[in-house]
Amino acid sequence: MTSLFLYRERQRTQQTPQVRGTGWWGTDKPHLRETAAGFSEKKLSSAPVAVVSDVDSTLIEEEVIDQLAELAGVGAQVAEITDSAMRGELDFAQSLTQRVALLKGLRVEALEEVAQSLHVRPGAQKLIDWVHQHGGVFTVVSGGFTPVVASLARSLGIDQYKANDFEIHDGILTGRVAGDIVTAQTKEQFLTSIRGDLGAPVIALGDGANDIPMLRAADLGIAILAKPAVKQAIGSYLDWDHLDAVIGLAGFSDNSATGDPQH
């Protein structure tokens, strides 16, 4: 049976979000009328679960390569390529190669500068903690870059990650990617591996066209603030930036003492 959930944003007192019967997930802000924020036809029946998440514009608000491009003085050119890639208009590997080439000459210190400036989405830490409290793992697979993803993993308690690597010579980016590029197929394979290792249901989170195979391969794939084409391809989506809403959207209570599915 189709399961839909109505979610109300926590008030400033940090009260537990409530799930009211069946319906749409919505926000309830004083200056806005209630609006639909998320939808899923699926729910999971048990914890633990594994989460496999994209990073850029999913776990964090920014696209890291766009931030690096601003420091390199090529922001507009790179952002245009990024947007085309996320819409599925360009092959991701080709688009990444083009964007990285524009970063040639950027000093490696820029990676840490960008890593320290990123904004993690609200509720991300709560979601990660909830997964851990119920015996699961939280992993990320990113078309972004290892130094930045590793920094996020350390600060948030992410269990495992995979990302791209810059080729660096004498502390300067050469404009090339080192090793294999993380593609849509890489992301799908990463998810399959995580499922095999844990032997538990997998929730996947992503926003771009290159996330679609991973989202489809998951037990529950949720498009996060995604492009219309991605939402249409997946069906389950969250149009709200509070990632702890994923707990209820998957059918669970966010009561850390139970982790039981909602009925």
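Yeah, the Cβs are placed from backbone N, Cα and C, and that goes for glycine too.
Now, the feature entries from TrEMBL:
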| type | residues | note |
| --- | --- | --- |
| ACT_SITE | D54 | active site, nucleophile |
| ACT_SITE | D56 | active site, proton donor |
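Counting only same-chain residues at least 6 apart in sequence, those with a Cβ under 8 Å from the Cβ of the residue listed as 'active site, proton donor' are E62, E63, V64, I65, S142, G143, G144. The Cβ of the residue listed as 'active site, nucleophile' lies under 8 Å from the Cβ of V140, V141, S142, G143, K187, L205, G206, D207, G208, D211, M214, I224, each on the same chain and at least six residues away in sequence.
DSSP gives D54 (active site, nucleophile) a coil state; it is part of no helix or strand.
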